[in-house]
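As recorded in TrEMBL, the features of this protein are as follows:
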- Glu39: active site (ACT_SITE)
- Ser219: active site (ACT_SITE)
- Ser360: active site (ACT_SITE)
- Lys167, 211-213, 219-220, 249-256, 348-349: ATP binding site (BINDING)
- Asp336, Glu349: Mg(2+) 1 binding site (BINDING)
- Glu349, Asn351: Mg(2+) 2 binding site (BINDING)
- 1-18: compositional bias 'Low complexity' (COMPBIAS)
- 171-382: domain 'ATP-grasp' (DOMAIN)
- 1-22: region 'Disordered' (REGION)
Amino acid sequence: MDTNAPAPGAAPTTAVSPVPTPQEARRRVMVLFGGRSGEHAISCATAGAVLRAIDRERWDVVPVGITTQGQWVLAVDDPDRWAITDGTLPFVPGSDGDVVLPMASGERTLQVIEPGQVPSAIGDVDVVLPLLHGPFGEDGTLQGLLEMSDVRYVGAGVLASAVGMDKDFMKIVLAGRGLPVAPWTVILPGRWERDEAGCRAEIEKLGLPVFVKPARAGSSLGITRVADLADLPAAIEEARRHDPKVIVEQGVVGREIECAVLGGRAGERARASLPGEIVVHGDKHAFYDFEAKYLDESSVELTCPADLSPELVERVRELAVRTFEAVGCEGLARVDVFVTADGDVIVNEINTMPGFTPFSMYPRMWERTGLPYADLIDELIELALERPTGLR
Ligand SMILES: Nc1ncnc2c1ncn2[C@@H]1O[C@H](COP(=O)(O)OP(=O)(O)O)[C@@H](O)[C@H]1O
Ligand SMILES: [Mg+2]
């Protein structure tokens, strides 16, 4: 009901916008997490951290979870519920009440539909904060859904998300813009069977070792370092367990340096943090693999700021911003590079929804650059509110 409507029979008055109370002035933020990808639990843990840190005086928070089956449900607004405690992985439970997204352009009201009940509105969502990694979250599909309804959201748009997710297209775009990437070749679905000799010839030209990767995965899943051509078929099969499209990349010997990028305000250029470094200790891991990332954290050291010369720091930051721009990113991205002994900087990849717990590299790099976690969340939401919907 519109409580601002004049009482029946009252004299017409000039419409005056009521002064919003602090409560009304708060913008409504949908914190969206969980999802259908293998990184469901990590996403829940990130949401827990964000729900704990987000400024409630400023933002009216609506937590919405996506189950592993893809059902959207209203989620409990309790940071502890979504934390990883005693090794138990959190997940979004199914519910009788489905959250229904607005589907018409300009219609931003969220509905909850329960079987046999009148649908109820949660109210207008001003901005969505998608804390989702991988397919159906970070790859442009969710972004397309939100674009259809003119709903603002944090982070990269449809194309940049899709390009960032597909390592083949990511490298095509970066190379096309003249940015340094390691040489690679792509094995499209079915090609290995049709033309193994052709594939092998291209791979041999790259030299050994090579890295065999699923084109669209993350967390190092399905990646093998191949130092002997006899191991190639097994590595390709492993990558294909995650994606029918595979890339094979020349191995780079260098330090693994990461840089956090934030979109610019009001037409300004994007901003880059101080770089950080990943060091994997010992011989247990041939590279920064899945185990080193999540299961054997004692063998990994995340350092920020990275111990680099001021000149290299500036080159890494500049390259990170140019990578962000080349892909047409918005909001945030983490750009990962290799720095070789000769001082060459080569882009490994761009992540459009990087790990985002307070212990993850992206927030830590901003913290060291002077932007604490809660302020970073504010800034991301402000950036999303500021940007227009539609073509931009
Ligand atoms: N061309 C390469 N040369 C050397 N190491 C690599 C190369 N590609 C990947 N790696 C190693 O594998 C890890 C994961 O590869 P990456 O392409 O970043 O995939 P993901 O998207 O799964 O993180 C990197 O952090 C690095 O340790
Ligand atoms: Mg990576």
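For all residues, glycine too, the Cβ spot is worked out from N, Cα and C.
The structure displayed is predicted, hence computed values, not measured ones.
Classification of Val253 (ATP binding site) by DSSP places it in coil, neither helical nor stranded. Secondary structure at Lys167 (ATP binding site), taken from DSSP and collapsed to helix, strand or coil, is helix. Proximity of the binding-site residues Lys167, Glu249, Glu349, Asn351 to ligand 2, judged by a Cβ distance under 6 angstroms to any of its atoms, singles out Glu349 in sequence order. For Asn351 (Mg(2+) 2 binding site), the same-chain residues that are 6 or more apart in sequence and have a Cβ closer than 8 Å to its Cβ are Glu138, Gly164, Gly218, Ala333, Arg334, Val335, Asp336. The shortest Cα-Cα distance from Arg255 (ATP binding site) to any of the recorded positions (Glu39, Ser219, Glu349, Ser360) is found for Glu349. Cα separation, Glu349 (Mg(2+) 1 binding site) to Ser360 (active site), rounded: 17 Å. Of all the active-site residues in the list Glu39, Ser219, Ser360, the shortest Cα-Cα distance to Glu249 (ATP binding site) is found for Ser219. Here the candidates are the active-site residues Glu39, Ser219, Ser360, and by Cα distance the one nearest Asn348 (ATP binding site) turns out to be Ser219. Residue pair Val212 (ATP binding site) / Ser360 (active site) shows a Cα separation of 26 Å. Mapped onto three states, the DSSP output places Ser219 (active site) in coil. Take the binding-site residues Val212, Val253: by the count of other Cβ atoms within 10 Å of each Cβ, the lowest one is Val253. The Cβ neighbour count for Arg255 (ATP binding site), using a 10 Å radius over every protein chain in view, is 17. The number of other Cβ atoms within 10 Å of the Cβ belonging to Glu39 (active site), over all protein chains shown, comes to 23. For Asp336 (Mg(2+) 1 binding site), the Cβ neighbour count at a 10 Å cut-off comes to 21, with all displayed protein chains included.
Of the candidate recorded positions, Glu39, Gly251, Ser360, the one lying closest to Ser219 (active site) when CA atoms are compared is Glu39.
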